[in-house]
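*Asks:* The structure follows.
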C-alpha cells in the first residue's frame, strides 16, 4: 500500500550544501508518521515483540529514490526485497544462534587478525608433530582385510609353514617362436647373466637360491647336505622352473641345434614328468601357444615363463656356511635382477619381448604411485591459484587480491600437515589411495574461500563504510552458515565411511574427515585473518601487488567495476531459467538423465584388482597382463593346506578330497597335482603297501627324494628332521590354481566351493584353503556388502545435518533430492567410463554425498533466507550465490583436471568420477534446484505487504521512501552504519 504525502517544494540542500529547512521538515514529518504507525502496530503485537526483543530493533527505513522511482543508493528492488527480509532471518537464526556466533567470531578475528593468524599456524605446528609417526602400509592383507577376517588367519597359517620358505622371481619371454634357436640362445645368455649377479656384500645367486632343503626344518650343515646328495640323485640344487632345465646347463642349451631343440621338446611334452633338475613337474605349463607338425612333432611356441626361487628368511645358506644379512641382500639382488632382465644393452632377436616380475615389484610400483603425485599436485595447485586470483579480486591495482588468493591456498597444505599428523598420532596408516587427499582438500577449500569473499563483496555500500572488524563480522555472519553446512556434511560423510571394516578405506575416510575438519578451522581462522589484513590494505589505499605503496589519488577503471558473472546470472541466466517453457524442459531433461543413469547403474559390475592401482606402464602391470594373455591358467600360487594329522589313517579321505577339488569347475584341472596320488601309484608299481605310519614315512621319503615322480612334490611336504630317519610331517599342500574368473559372484562361489569341500573332510579343523587372490576377492565382497550400507548411512546423516542447518523441510528435501540425482548420475557415468565398483569408486561415491551437498546447500540455504515470491527468491538466489557456487565447482574441476594426464589408475579414476560429480552437481544445484524451488519451494510467510510512504525532495527529482509494515525493517541509512554488536545479543 502506498500513500502519497502532500508535496512540499524546496531543495534537498541549501546553498552551502546543508539540508534545507523544508527538506528537514519533510523528513521529520515523515519519520513522525512512521513512528505513529509503529506505535499502533506495536500495541497489537506486544507479545510477539516481547519474544523478539533481543533481535535487531525494527525502525522505519528511509531509502533515497530518484524521480523515476529507481533506488538512488545503487540497490535494485530485488536487493531491497532481500534486505526487507533480514529481520525475519535474524529472528530465525536467533533461535539457532549460529549467525550470531559467526558474526562475533568475525568481529573477533577482524579486531585481532595477527593474533588469530599466529594461533592457527601454531595449531598447525603442534598437530604436525604427529608426522614423525608416519606409517605407510603396502601389505595387501593389512590394507584390504579386517583383523578378524578368516583369510588373514589362513594366510598367517600358510605363512608359518610354507610362504616363508621361498620368494619367486619370474620372467616371461614372448616371441613369434620362443623355441627358435636364436631365442633359446638369448634365453640361455639371460639365465647366465642372472646367475652371475653379485650384490654389494658379495652374495650371489648360489648363496640366495632356494634348494631342496628349503622345505626341511633342519640345520644345513655339511653332514646333512652330504646325506641328501647321497640319497637324492638330483642333489641339493637350486630350484627353478625353466625350459632350460631340459639341458644339463645353459651352455648346452645355447649350443643346441634347431632340430635338437624341437626333438627335446617333443619328448618333454610326451613325458609329463620330464623337467631335468627342476623341482616342478614337467615343462608343459611353462609354454604357451605350442604348435605341432602333422606327425605330432613340436614346431614352436609363442611364450615361455622362467621362475627363480629364493630363500625368503635367508638366515643361512643351505649350501655354504655364508650367513646372509637379513633380507637386505635379497632385496638388493632383486633390484639388480630387474635391472639385468630389462637391460637395454642386450640385443634381442626380432619379435622378442622380455617381461620380469620380482617379489618386491608390486610394492615398488605402488610406492612409485604414492611418490608420483607431487608434480601433479603442484600443477593443480598452480591452476587453482591462477583462477582464484582472477576471480576473487578486480582487475586494478587496488582491488586485486593476489596475496589473499596465495594465502588462501596455504590453508590446504596446513590442513594436510595438521590432519596427517593427527591421524598418524592415532596410529592410522598411509595407503595407496591416500595420495588423492591433497586434490580433495584443494577443491573443497577453494569453495569455502569463494563463499566468504563473495559475502564480503555483497555487503551494501553503507556496510562497506563500516570498520574492518564490523565488515568481516557481517560477511562471516552470512557465509559462516553456508560454509558450515558444506564442511559438516563432508565431515559426516567421511566419518560414516570410517566405520567400514576394510582398513585402507577406514584409514582414508578418517584422514579425509580430519582433513576437511582442519581445513574448515583454518579457513575460518587463518584465511579470515588474511581477509582482514587485505581489507585493511584496501582501506589504506595500498597497492594490491606492492602493498608498501600508498595510492592517495586512486581511481578505478570502468572495466574492473563490472561483475560479469553476477551480471550474467542477473540479466541473462536467471530470467531465462524462470521462463515456463525452460522450466518444463529442465524438469524433462532431469527426469531423462535420472532414468538413463538409473538404468546404467544396474549395469555396473563389481570387480576389484589391486594390480589396477599400478601405473599403466609399470612393469608389474605389463607382466600381469602378459601372464593372463599367455598363461591364463597360471594364477597366483595357492592351495589346500593340511596340518599335523595322521596321514596314514586318512589316506582315503585325502584322496577323496583331492578328487573333489580336481572336479571343481573353478579349479584348473590341467595343472592339478597331489603328492599322495603319485605316492599311491609309486607304491602300486612296487606292489607294496605300508602297514603303519612308520613304514608310511619311510616309503614317502624314498618316493620324494629318490624318484623323478616324487621330486616335484618335495615343496609340498613340510617336515621336521632328517627325511631318512625319524622325521615329523608338519604340514602338506595340495596345489591348486583357479581358472580365470570374472566378477565378484564367480569369485565368491569359487572360494565358497573350496571351503565346502574342506568342511566335508574328517580333518576339516586342520585344513586351510588360501590363495593370494583370496585377499582381493574377499575385499571385493566387503566392498559390495558395505557400499550400500555406507551410502545409506552417509546420506541419512548428511540429510539430518542439512535439515538442521537449513531448517526448512521443503528446501532441505529439495537439496537432498538433488544429492540423490547427482549420485545416480555418478554411478551411471561409471558404465560410460568403463569403471567397476571397487575401493576407489566406493570412496568417490561416499565423498559425492558430501560434495554434492556443496553445490545444492548454498542455493537452498540462501533461498530459505530470502523473502518474496518463490520465483523472485529463486532469481535472487542465483544472482547472489550462483557465481561463488560455479566458481567453487569449476575450481574443483581445475584441482582434478591435471589428473587426466596421469597414467595411474587411481588418479584417472578420480578425474573421471569428479568430472561427473562437478557436472551433475552444478547442473542439479544451479539448474534443477532453482526450478524446483520456484515451483515447490516454501511460500513467503511474511504476511501483509509493507506499507510504503514516499516524500519528494529537491523539486521532485528525488524521493525519500519510508517502509512500515507488520514486520518492520530494522535499518535506516544511519543504522546501517551502526555496528551489529550494539543490537545483537
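Note that Cβ sites are derived from N, Cα and C of the backbone, with glycine treated the same way.
Predicted automatically and left uncurated, TrEMBL annotations should be read as such.
Okay, so TrEMBL annotates it like this:
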type: REGION; residues: 1-62; note: region 'Disordered'
type: COMPBIAS; residues: 43-54; note: compositional bias 'Polar residues'
type: TRANSMEM; residues: 114-134; note: transmembrane segment
type: TRANSMEM; residues: 372-390; note: transmembrane segment
type: DOMAIN; residues: 373-533; note: domain 'SSD'
type: TRANSMEM; residues: 402-430; note: transmembrane segment
type: TRANSMEM; residues: 436-456; note: transmembrane segment
type: TRANSMEM; residues: 476-498; note: transmembrane segment
type: TRANSMEM; residues: 510-533; note: transmembrane segment
type: TRANSMEM; residues: 787-806; note: transmembrane segment
type: TRANSMEM; residues: 813-833; note: transmembrane segment
type: TRANSMEM; residues: 839-857; note: transmembrane segment
type: TRANSMEM; residues: 878-901; note: transmembrane segment
type: TRANSMEM; residues: 913-936; note: transmembrane segment
type: COMPBIAS; residues: 966-976; note: compositional bias 'Basic and acidic residues'
type: REGION; residues: 966-985; note: region 'Disordered'
*Asks:* Which stretch, 436-456, 476-498, 878-901, 913-936, tops the Cβ pairs under 8 Å count with the transmembrane segment (839-857)?
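*Replies:* Most Cβ pairs under 8 Å with the transmembrane segment (839-857) come from 476-498.
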*Asks:* Just to confirm my parser: what is the rounded mean pLDDT across the domain 'SSD' (373-533)?
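*Replies:* Per the prediction, mean pLDDT sits at 83 for the domain 'SSD' (373-533).
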*Asks:* Let me spell it out: take the transmembrane segment (510-533), skip the flanking residues so only those 6+ beyond its ends count, and list any with a Cβ under 8 Å from a Cβ in it.
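*Replies:* Those are 105-106, 109-110, 113-114, 116-117, 119-121, 123-124, 127, 403-404, 407-408, 410-412, 414-416, 418-420, 422-423, 426, 428, 430, 434, 437, 440-441, 444-445, 448-449, 452-453, 456, 468-469, 472, 475-476, 480, 483-484, 487-488, 490-491, 494-495, 497-498, 847, in sequence order.
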*Asks:* So, do the transmembrane segment (813-833) and the transmembrane segment (787-806) meet, by the test of 3 or more Cβ pairs under 8 Å (sequence gap 6 or more)?
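*Replies:* Counting Cβ pairs under 8 Å (6 or more apart in sequence), the transmembrane segment (813-833) reaches the transmembrane segment (787-806), since there are 3 or more.
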*Asks:* Same chain only, please: residues at least 6 beyond the ends of the transmembrane segment (787-806) with a C-beta under 8 Å from a C-beta of the stretch. Say none if there are none.
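*Replies:* Result: 98, 481, 484-485, 488-489, 492-493, 495-497, 499-500, 812, 815-816, 819-820, 823, 837, 842, 845-846, 849-850, 853, 857, 860-861, 864.
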*Asks:* Give residue numbers and ranges for long-range contacts of the transmembrane segment (114-134): same chain, 6 or more residues beyond its ends, CB-CB under 8 A.
*Replies:* 108, 414, 417-425, 427, 430, 518, 521-522, 525-526, 528-530, 533
*Asks:* What stretch in 402-430, 436-456, 878-901 has the biggest tally of Cβ pairs under 8 Å against the transmembrane segment (476-498)?
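*Replies:* By the under-8 Å Cβ criterion, the transmembrane segment (476-498) pairs most with 436-456.
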*Asks:* Which bits of the chain, at least 6 residues beyond where the transmembrane segment (436-456) starts or stops, bring a Cβ under 8 A of a Cβ in it?
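*Replies:* Result: 373, 377, 380-381, 384, 388, 391-392, 401, 404, 408, 411-412, 415-416, 471-472, 475-476, 478-479, 482-483, 486-487, 490, 508, 511-512, 515-516, 519-520, 523, 527-528, 531, 535, 847, 851, 854, 858, 881, 883-884, 887-889, 891-892, 895-896, 899, 906-907, 910, 914.
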